[in-house]
Each structure stands twice: as C-alpha cells, then as structure tokens.
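A.B. asks: Got a structure for you, written out below as structure tokens; questions coming shortly.
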Amino acid sequence: MSFTYKETELFAEQCAVTELAKTHGTPLFVYSKAAITANWQQFSQHWPAPHKLCYAVKANSNLAVLNVLARLGAGFDIVSGGELARVLAAGGKAEDVVFSGVGKSHEEIAYALDQNIGCFNVESSAELERIQHIASEKGVVAPISLRVNPDVDAQTHPYIATGLKANKFGIAMGEALDVFRRGQALENLDMRGVDCHIGSQILTPQPFLDAADRMFNLIGTLREEGIQITHLDMGGGFGIPYQHEEKLEVSGYLQELQRRAKEIGNLTLMLEPGRAIVGNAGIMVTKVEYYKPGSEKNFLLVDAGMNDLLRPSLYNAYHDIVPVQRHQGVDEPLVDVVGPVCETGDFFGHARHLAAQEGDLLAVMNAGAYGFTMASNYNTRPRAAEVMVHGETASLIREREPLASLWQGEHVLGDDA
Ligand SMILES: *Cc1c(COP(=O)(O)O)cnc(C)c1O
C-alpha cells in the first residue's frame, strides 16, 4: 500500500504528506506512481497480447498519469476530442485509442479520423451514418465497433449503471443485427468489433460474465451472417473497496473471460479500466479551517469543497477520511466533515470519529479516480494542485490555478453596449 503511517505520520510512498502540503498548499491531490503501476500490472500480467487494455481517461486525465500509463504500454479509452488531445500530448498514440461516448460531434469525429484513431465505439445508427459521411469526405475507412447494451443489472448506483435498456448508452441487443447490416453496407466503415460497458464500481465478476455471454451470442449470430467480428471490448467498471467491501478478484475474471473467448475463436479481447487503475492511487489532502461543535451535530469545516471532489455530493459516495498526523489518546468526537461551498450537499463524510482542530490536515482516501477530473470552479474556487510521488521524490504535475485565470476570457460590456 502506498499511503501508510510511519508512527503517527501519513506518508505517500516515502514522502511525508505534511511536507507535501507545506510545499504545495491545500487542497492537494497526491498520487502514487507505484500504486498506479501496480494496479496496471494487476491487469496486464493476466492479459497477454493480442488482447488489449485501454485506460479510461475520464477517471484521471492528468498528463503525468497518462504518460506513466503510456510508458507501461497502455492504450486509452476516450469520450471526447479533448481527451484525445490530452492522450497525444502525454505521449500516447491515436492507434491505441478507442473513442467511446454517446454524443460525438462532427469536429470530434473528423479530428479522430485525422489522427488515425484505433476504433470508434459507436452508440447509435445516427452516429454510424455521421461517421460514414465524414470518412467518405476524407476518403478514409473508419474502424468501427458497435456498443451494444447487454441489458444486465450491474447492481450499482443508478447514476453509474449503464447497461440497462432504460438508459441512454449503446444500441439495444435486439437492434444490433440490423445496425450491423446497415454498417456493412456503408463503404467507408470497417465493422470489426462489438463493445459494451455495463456500469461502474462493480465488485463481483458475475454481471461482467453474464454480459460477456450475451456478447458472445451476438458475435455468433453476426458471424453466421458473414460479418467477421474480430474484437470484443468488455469496457470498464471494475470496482474498488471504498469502505469495507470485498475486493473484486480481477485475475479470475480476466482468465475466465479469455477461456470463454477461446471457445469462440479468432477474437481479440479489450478492457477499459479506469477507477481500478487510479482510484486507490490518490488522496486529497485538506486543511481544517474550523471546528464548529453544535447541539445536534459537530462540524469540521475543511478547505476543500464539493468543487474539488464531487463524489460524495453526486453519488453519496463513501470516502475514508483520516488524520495526516495521528493524535494518540485523545477523544474522537463524532463529526461531519464539510466544505466551504454554499450548498448543503457540500460534504465529504457524515458521522465520523475524528479528533482534529483548526490547522490540522486530513486525507480523503481513494480520491484518485473521478476526483480532480470532476472538479469545477464553483464559488470561484481555483482548482487544487496535483502532485505525483515516486519513492522520495515528489513532482508537481499540475499547478494550483491562479485566481485571475478563473475569469480569463470574460469581458465586461463596453460603454456603448
Ligand atoms: C467510464 C467508462 C469506463 C471506465 O469505467 P471505470 O468504472 O472507471 O472502470 C470505461 N468505458 C466506458 C465506455 C466508460 O464510459
């Protein structure tokens, strides 16, 4: 584990978190290179070529994170043209990128084709027609996979379940064959794969395997029609323990998936893990501004807010919150840890036992995924700084935003307006 106490002090690898906060201020995201690497290898060691792993960029898109993964041989799963530009800026290759997302614009499709994108994960027949149109104008052939909705219940939070009929993602299983036939008839499309992504923060292999079986069935049907599907992308969604949940055994699932794919034959498998690579590789460090005891509740007001880490407010997500410096033998009152943003939903934890006073530092654990990437400037708050540690070395990988940059590009009306 990369975030552990040495006596009473929390360390990130060999770096004292107190020192990091002193140097870079708070709120501060701290990532461990060793943890990212180990998480990646947990997948890659059970996933021999030609099978591919595409890190889901939206989980954490900092250039340094992408660069570490590119150097480990990662491909990337993106959901916007902006994410493609980030991958390229970080040293990734467009050929190793799959482009997911329900709402790809003309500009994004054209940009991805110009860069030689590895594959489009297409989510509707309208998108198929649009890609055909743009590819034919450019005189190129676009590599296509269809995102099919296997209609399995991932038993996760409704906001992050994506594989049910009732949500906006993918093409219904019953329509997949027709859409494929249409794609086959279009000259500038190379219909080569199918993909799915059933949701996020899934902690048992069963929903994945159920979905895989439905996808294998579909591949069988398509091949009977003479449509040569050569890859199956099973998406991401691998959960991590945030509280006391049992860990998902990735290796067993990966091996079972390969075993079943072998029975089908001639099939390259792909996965798109995001959270499982970066979630437990990051913490958010925040400083206590005030302790505010009350008759009903006690509050610890900290200097990070929902604009820095939205998951508790958005999903009612649980994050462990620990003191950066442990105090021995003191009372730990029951507190709500809340931020300064003017919203009642601005909290990090309810009813936690924590002894902390003004000026103390707290670490919000497992903040590496969907933390900084969901940050905003709400309440005109500059976004936090980000640091990556490697052994005893700490590198600033994103500067804290200067206040004036928040209204850069804004203009007051001229006198005649
Ligand atoms: C968000 C997303 C992922 C990554 O999900 P995790 O739960 O972070 O693993 C992968 N594929 C697609 C299409 C996604 O939208």
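Note: Cβ is positioned from N, Cα and C throughout, glycine not excepted.
From TrEMBL, here are the annotated features:
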{"type": "ACT_SITE", "residues": "Cys342", "note": "active site, proton donor"}
{"type": "BINDING", "residues": "Gly237, Glu272, Pro273, Gly274, Arg275, Tyr370", "note": "pyridoxal 5'-phosphate binding site"}
{"type": "BINDING", "residues": "Arg275, Arg311, Tyr315, Glu343, Tyr370", "note": "substrate binding site"}
{"type": "DOMAIN", "residues": "32-368", "note": "domain 'Orn/DAP/Arg decarboxylase 2 C-terminal'"}
{"type": "DOMAIN", "residues": "34-279", "note": "domain 'Orn/DAP/Arg decarboxylase 2 N-terminal'"}
{"type": "MOD_RES", "residues": "Lys58", "note": "N6-(pyridoxal phosphate)lysine"}
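Map these features onto the structure and tell me what's around them.
C.D. replies: According to DSSP, Cys342 (active site, proton donor) is assigned to coil rather than to any helix or strand.
Taking a C-beta cut-off of under 8 Å and a sequence gap of six or more, Pro273 (pyridoxal 5'-phosphate binding site) has these contacts in its own chain: Phe43, Leu53, Tyr55, Ala56, Gly236, Phe238.
Of all Cβ atoms in the shown protein chains, 14 besides its own fall within 10 Å of the Cβ of Glu343 (substrate binding site).
A mean pLDDT of 94 is what the model gives for the domain 'Orn/DAP/Arg decarboxylase 2 N-terminal' (34-279).
Sequence-distant neighbours of Lys58 (N6-(pyridoxal phosphate)lysine): residues of the same chain at least 6 apart with a C-beta under 8 Å from its C-beta are Ile78, Val79, Glu83, Gly274, Tyr370, Thr373.
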A.B. asks: Checking your reading of the structure: which of the recorded positions Gly237, Glu272, Arg275, Cys342 lie inside a 10 Å Cα sphere centred on Arg311 (substrate binding site)?
C.D. replies: none
A.B. asks: Neighbour count first, Cβ atoms within 10 Å, every protein chain included; then name which of Arg275, Arg311 tops the list of binding-site residues.
C.D. replies: Arg275
A.B. asks: Per the record, pyridoxal 5'-phosphate is bound by Gly237, Glu272, Pro273, Gly274, Arg275, Tyr370: how many Å separate the farthest pair of Cα atoms?
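C.D. replies: About 15 Å separates the two most distant Cα atoms.
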A.B. asks: Cβ within 8 angstroms of the Cβ centroid of Gly237, Glu272, Pro273, Gly274, Arg275, Tyr370: which residues besides those meet this for the pyridoxal 5'-phosphate site?
C.D. replies: Ala56, Ala59, Ser200, Gly236, Phe238, Ala276, Ile277, Ala369
A.B. asks: Considering only the recorded positions Arg311, Tyr315, Cys342, Glu343, Tyr370, which possess a Cβ situated under 6 angstroms from at least one atom of ligand 1?
C.D. replies: none
A.B. asks: Please name the residue among the binding-site residues Gly237, Gly274 whose C-beta has the most neighbouring C-beta atoms within 10 angstroms.
C.D. replies: Gly237
A.B. asks: So which one is it: of the binding-site residues Tyr315, Tyr370, which has the fewest other Cβ atoms within 10 Å?
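C.D. replies: With the binding-site residues Tyr315, Tyr370, fewest surrounding Cβ atoms within 10 Å: Tyr315.
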